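Contents: one structure, followed by commentary.
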Amino acid sequence: SPQNHAKVAVLGASGGIGQPLSLLLKNSPLVSRLSLYDIAHTPGVAADLSHIETRATVEGFLGPEQLPECLKGCDVVVIPAGVPRKPGMTRDDLFNTNASIVATLTSACAKHCPEAMICIISNPVNSTIPITSEVFKKHGVYNPKRIFGVTTLDIVRANTFVAELKVDFSCFPQGLDPARVSVPVIGGHAGKTIIPLISQCTPKVDFPQDQLEKLTGRIQEAGTEVVQAKAGAGSATLSMAYAGARFVFSLVDAMNGKEGVVECAFVHSDVTESPYFSTPLLLGKNGIEKNLGIGKITPFEEKMVAGAMSELNASIKKGEEFAKNFK
């Protein structure tokens, strides 16, 4: 049946996100072939995963000369490649290294699997998505419906933190199950550009303003929480792998014709004055079927959207400029 024939490539498969992400993809009945690429260790990672008793076949590809073969015939390409944050770094500090990596890898995608869905995890996403778009334009194969900045971790964190805060409230005697909480997170994927719409949470939740501000701040800086806790040993890898896999599974479900699949992602957008913006998207066979927009938001949330614009636009411009000069 078509739903079990997704060919998925992971570029950066040996890294901190790449390995657990590949494990989750290998474990899914939706995936029939897993192509793993990196500049080191991929044969080992592929051999290891290939022993798992699920039906996806696994192949490892090593180094730039094997990248074209890795991408051939892929339906979905997920890119977690790049360097992680260290304490004291912002996502933007990763720009110089990761921008080149993303431009090189997406250039190969544009050549060898131009029709594939491209899911970018490499930070700073606010810049790496504009880079990807410009690279695809250069190759004459740009389709904005198929390029996604994976911001799912912001949603996963928002759901978790909201549920944690509601555990002790008498109106939810059993506490809220985080798996049943759904908070849309819009904007971008760094600091104040991360805008959780708690007012649109299902089930409906209410917080006093001071608690709401604290919760919002925690969601925005949750990545830094992990970077500091790992004390120089990396950034969010396991939760990011989970979030990346969740997004891929939703995308593949929608590509297979499942209806009503909605995920937020950072994409080319005309919802705001910013040319790229994350909002809930209805996914379909060809990627984005419909941008569902921002919906009704509170004055507090409106203020956050307005406050994110200059940083967001600066990051986007930085990515576009980089891509224009990239050879």
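Just so it is clear, glycine is given a Cβ too, placed from its N, Cα and C backbone atoms.
Per TrEMBL, the feature domain 'Lactate/malate dehydrogenase N-terminal' maps to 7-149. The NAD(+) binding site annotation in TrEMBL covers Gly12, Ala13, Ser14, Gly15, Gly16, Ile17, Gly18, Asp38, Asn98, Ile121, Ser122, Asn123, Met240. Taken from TrEMBL, the feature substrate binding site applies to Arg85, Arg91, Asn123, Arg157. The feature domain 'Lactate/malate dehydrogenase C-terminal' is assigned by TrEMBL to 151-322. What TrEMBL records for His189 is active site, proton acceptor.
Between the farthest pair of Cα atoms in the substrate binding residues (Arg85, Arg91, Asn123, Arg157), the distance is 18 Å.
Here Arg157 (substrate binding site) comes close to Ile219, Ala222, Ser239: these same-chain residues lie at least six apart in sequence, with C-beta atoms under 8 angstroms from its C-beta. Looking only at the recorded positions Arg85, Asn123, His189, the one with its C-alpha closest to Gly16 (NAD(+) binding site) is Arg85. For Asn123 (substrate binding site), the nearest of the recorded positions by C-alpha distance turns out to be His189; the candidates were Ser14, Gly18, His189, Met240.
Per-residue pLDDT, averaged across the domain 'Lactate/malate dehydrogenase N-terminal' (7-149), gives 97. Here the Cα atom of Asn98 (NAD(+) binding site) is found 10 Å from that of Arg91 (substrate binding site). Considering other CB atoms within 10 Å as the measure, the emptiest surroundings among the recorded positions Arg85, Arg91, His189 are those of Arg85.
If you measure from the Cα atom of Ser14 (NAD(+) binding site) to that of Arg85 (substrate binding site), you get 17 Å. The NAD(+) site in the record is lined by Gly12, Ala13, Ser14, Gly15, Gly16, Ile17, Gly18, Asp38, Asn98, Ile121, Ser122, Asn123, Met240, and its two most distant CA atoms lie 18 Å apart. Of the listed binding-site residues, namely Asn98, Ser122, Asn123, the sparsest Cβ surroundings within 10 Å are found at Asn98. Sequence-distant contacts (6 or more apart, same chain, Cβ under 8 Å) of Gly18 (NAD(+) binding site) comprise Val10, Gly12, Leu36, Asp38, Val45, Pro80, Ala81, Ala241.
In the shown protein chains, 22 other C-beta atoms lie within 10 A of the C-beta of Ser14 (NAD(+) binding site). Its own atom aside, the Cβ of Gly12 (NAD(+) binding site) has 26 Cβ atoms within 10 angstroms in the protein chains shown. Other than the site residues Arg85, Arg91, Asn123, Arg157, same-chain residues with C-beta atoms no more than 8 angstroms from the centre of those residues' C-beta atoms, the substrate site, are Pro124, His189, Ala190, Gly223, Thr224, Val227, Ser235, Ala236.
Using CA atoms as reference points, the recorded positions Ser122, His189, Met240 were checked against Arg85 (substrate binding site), and the closest is Ser122.
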